[in-house]
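**Q** Positions annotated as compositional bias 'Basic residues' by Swiss-Prot: 1-14. For 1-81, 547-607, the entry in Swiss-Prot reads region 'Disordered'. Annotation source Swiss-Prot lists compositional bias 'Basic and acidic residues' at 15-26. What Swiss-Prot records for S32, S33, S34, S51, S68, S324, S561, S562, S563 is phosphoserine. As annotated by Swiss-Prot, phosphothreonine applies to T48, T50, with the evidence given as similarity to another entry. According to Swiss-Prot, the domain 'CP-type G' annotation covers 178-418, on the basis of sequence analysis. Marked as GTP binding site by Swiss-Prot: 225-228, 367-374, 411-415. Residues or ranges marked as compositional bias 'Acidic residues' by Swiss-Prot: 550-584.
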Amino acid sequence: MPRKKPFSVKQKKKQLQDKRERKRGLQDGLRSSSNSRSGSRERREEQTDTSDGESVTHHIRRLNQQPSQGLGPRGYDPNRYRLHFERDSREEVERRKRAAREQVLQPVSAEVLELDIREVYQPGSVLDFPRRPPWSYEMSKEQLMSQEERSFQEYLGKIHGAYSSEKLSYFEHNLETWRQLWRVLEMSDIVLLITDIRHPVVNFPPALYEYVTGELGLALVLVLNKVDLAPPALVVAWKHYFHQHYPQLHVVLFTSFPRDPRTPQDPSSVLKKSRRRGRGWTRALGPEQLLRACEAITVGKVDLSSWREKIARDVAGATWGNGSGEEEEEEDGPAVLVEQQTDSAMEPTGPTRERYKDGVVTIGCVGFPNVGKSSLINGLVGRKVVSVSRTPGHTRYFQTYFLTPSVKLCDCPGLIFPSLLPRQLQVLAGIYPIAQIQEPYTAVGYLASRIPVQALLHLRHPEAEDPSAEHPWCAWDICEAWAEKRGYKTAKAARNDVYRAANSLLRLAVDGRLSLCFHPPGYSEQKGTWESHPETTELVVLQGRVGPAGDEEEEEEEELSSSCEEEGEEDRDADEEGEGDEDTPTSAPGSSLAGRNPYALLGEDEC
């Protein structure tokens, strides 16, 4: 029997590290030499990985990786629909870090906030989305999938050949997720494209509009979601912008949590939050508009009277709940039939699919990640039936929900279309998972040059001895000042954790508590006209009518504390699985950072 070889403590440590890396699904087991939490986060994703097709040599980051030892008991791969983005090179990340430390931030003019869709997507260029290639029933499943993979690689090759990596935005490189979109479009009678009102041009790919209304011959309804986060005049301006440029669109305004815009707002109280309980989902603004749009599209081919009756019941129930002071959400309403689509349901359908089959209209909900597709479905149903999360890519596969016996909703995973947007803007739009950003500082600088972050958060320059003196700010200074104010420290050296502070600032922006809204072209010159527009007044009255009136709890303030340590190095974006709770920005004069109860906010994401 051979002698046992000595096994040192160092070797044992390396063995355990490799084992943990394999469980996380990482390929090369890179470990950071830094002991700080921020350093380990930034270097943990440094492994090289390629997409499923070997013809595209660009490095791909596979986000939302789930630990898995292969297929599950039912043959389900939890990483099948994870986000695939092009990886930033190490040199590019370091260059942006240096710029964040050295570049002095200058406020931009209002005209810079105006976005033209022609500059973002360049209609008619290769910035398209992949189409399902022609197929026939004689083809086997393997032949069809192989053909789709070849077509997808050709699509990626054209884009990367026409534009450099520095010009291209993040966009989806996972073919499995695009297959979800193909299936949803094939089975839908009406397509809802959900966008965020703060930046609707970012979420509106013209190629999808041309494909749905042209090649498929379907009606496209543009939903401007989260209208409570933008001024009513800006909402109306965006609505007219899309009507003017895309006449076949049906535009609907929507929000799951409306507020009265006539309520005075304190822009400095970004850390104030209130909890809405009870019948929050039944207060959604927009179901009536969406019903009218669907009635105009179906022109009597589908009986939608049951949908109208449901809306009337929801409105009456919400009014009764406010009057009686009831706080608990009613759970004994009509059951909602949920269908999870299996692989067999993902098979392509024929080109001559019957429209409004069996008297049922199928409404497909598509859009970018984090625009509120799942929240919109919850608002239409009147209670929570879909899990929602701040983390992009939370919806893994499409599901169908029967709103009424004649109305079926289909929720599609969020997809990011190729464009020429700055990647910092995509991060602020919530498209990229914040906890997995390699370099968040330039996104903070992009935000601070467009809204006065230092003034809103009452930040003190880290090098300022006299608080009244003015000092030039860079993105790194803002992150360091926020880390000092919030008490974010690294684990061992107790230095200011600027990486964690940058993530916290980006979460405030994504949540709408640091609201950055973009404008349609010419809005600055015509702002007064839009503010006095009749539709603006109508929207203000409508939001005030359906806004919260008695279903809000006492406001909560966030604690200035360093006791809220993050658990490990994993994504801390928690799924919002509560049964009717929703954190929403609110305003209150005299907001402070120190809460009276030091344990009240131990579960907050920013801690």
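From the backbone N, Cα and C atoms, a Cβ is placed for every residue, glycine too.
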**Q** Look up D411 (GTP binding site) in the DSSP assignment and report helix, strand or coil.
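**A** Going by the DSSP assignment, D411 (GTP binding site) falls within a strand, counted as strand.
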**Q** What kind of secondary structure is G372 (GTP binding site) part of, going by DSSP in three states?
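**A** It is coil.
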**Q** If you count other CB atoms within 10 A of each CB, which of P369, G372, G414 wins among these binding-site residues?
**A** G414
**Q** What average pLDDT does the predicted model assign to the domain 'CP-type G' (178-418)?
**A** 79
**Q** Might you list, by sequence position, any residue in that chain lying six or more from N225 (GTP binding site) with a Cβ less than 8 Å away from its Cβ?
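**A** Sequence-distant Cβ neighbours: I194, T195, D196, I197, F254, T255, V371, G372, S375, L376.
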**Q** With DSSP as the reference, give the number of residues of the compositional bias 'Basic and acidic residues' (15-26) in helix, strand and coil.
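**A** DSSP classes over the compositional bias 'Basic and acidic residues' (15-26) add up to 9 helix, 0 strand, 3 coil.
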**Q** Which of the three DSSP-derived classes (helix, strand, coil) applies to N225 (GTP binding site)?
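**A** SS state of N225 (GTP binding site) = strand.
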**Q** Would you count the other C-beta atoms found within 10 angstroms of the C-beta of D411 (GTP binding site) for me?
**A** 22
**Q** Kindly report the helix/strand/coil residue split of the compositional bias 'Basic residues' (1-14) according to DSSP, in that order.
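**A** Helix, strand, coil within the compositional bias 'Basic residues' (1-14): 6 helix, 0 strand, 8 coil.
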